Amino acid sequence: MTIMAPEAVGESLDPRDPLLRLSNFFDDGSVELLHERDRSGVLAAAGTVNGVRTIAFCTDGTVMGGAMGVEGCTHIVNAYDTAIEDQSPIVGIWHSGGARLAEGVRALHAVGQVFEAMIRASGYIPQISVVVGFAAGGAAYGPALTDVVVMAPESRVFVTGPDVVRSVTGEDVDMASLGGPETHHKKSGVCHIVADDELDAYDRGRRLVGLFCQQGHFDRSKAEAGDTDIHALLPESSRRAYDVRPIVTAILDADTPFDEFQANWAPSMVVGLGRLSGRTVGVLANNPLRLGGCLNSESAEKAARFVRLCDAFGIPLVVVVDVPGYLPGVDQEWGGVVRRGAKLLHAFGECTVPRVTLVTRKTYGGAYIAMNSRSLNATKVFAWPDAEVAVMGAKAAVGILHKKKLAAAPEHEREALHDQLAAEHERIAGGVDSALDIGVVDEKIDPAHTRSKLTEALAQAPARRGRHKNIPL
């Protein structure tokens, strides 16, 4: 059953109406309901998103606050069955207070069946959540089980609301602070993208459908046309912090945006989707503006999940590396940096899609291994001419290796001796040439040809796709 465009449905329509929300998401005139409208609290439909057949469901905020009962959950499960059979992406538009209390355990069982359908679809079809109202209680886990979560400004995601938190723990918190988009974008990492408003949330969801389902092909001529001296974006001092995002956008196509995920959570790692020479790619980049670009427990976990997402959907990876190591500290050790850091090693180690590493300035220690190194079977490892590949920086290394020699030197000669030893150490063990000799770097490249080199390496590699679920690490 095809429905009318939103403007033809009637101006008096409640803005929470699921028919209106689905119409705002799908291409005009393409919406076909998958069942008759009812009081179940859910409306599911098929339609197109820029021509891509897509399945979507919307919890109905006008009926019991979108609470999920047996019938509504059945509609969602049926929508998933259709999407899996069609191999179509599925989008959930969420405005729900959780399970229907009046239906008791039956509702809980039905919500669990929705979760099972999501897990069954994981890694097989793209799942995108657009949260436009509450996603509370059991409904909070629906978006969390999907691949990408987009939150509108008025959305709220939490398992227990402020009143329960206050009565149990004594903590006084409002809904926005507890489960608003800024909270989940900065503190919890639940939210991948914060939209400007509800309509922008639908636009972001539509853009994601295109990136996942209209991946395109590498166009070498487009790569050459976009080549510029990206090296100029690095600061002159090798010790100065900088934001890596301009380098990322310079590598990617200028005519399409870079959709960064979880920008404010674990910000020392930048991840997101964009296009390189016409094709969808995933980008991971250390960001020296935050924590000097160090890996820590959260950024390693963030990167690991993103690698597995891209691998599950056959999206090649570009890994931009400028990393001094893992962030030291008691908080990191107690916060699980070993366990969570191992996730990134595992993610790259099992990754099957083409993945190319570019070392721009430095890569040291264990973080060198974790950032898609040759030892983890990177497709190619490129480095700019001044890059360092080492266990640690040369100055720090000689401070350990030649501690006694430096201590014995006259004080007025110590600094010059330290510089001399550091230069010698870098020549032997830390420069790009040494890494080339060993074979852990494939090629030293001119920064002005970065786009062409990355495109060529990814285009020549066999297209592959991992066969695994996308667990929300």
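Just so it is clear, glycine is given a Cβ too, placed from its N, Cα and C backbone atoms.
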(message) Looking at (R)-haloxyfop binding as recorded in Swiss-Prot, which candidate out of Ala99, Ala223, Ala225, Ala370 goes with Gly138, His185, Trp334?
(response) Ala99
(request) Give the number of CB atoms, excluding that of His185 ((R)-haloxyfop binding site) itself, located within 10 Å of its CB. (result) 21
(request) Return the residue, from the listed binding-site residues Gly138, Trp334, with the maximum count of other C-beta atoms within 10 angstroms of its C-beta. (result) Gly138
(request) Could you check what DSSP calls Gly138 ((R)-haloxyfop binding site) once collapsed to helix, strand or coil? (result) helix
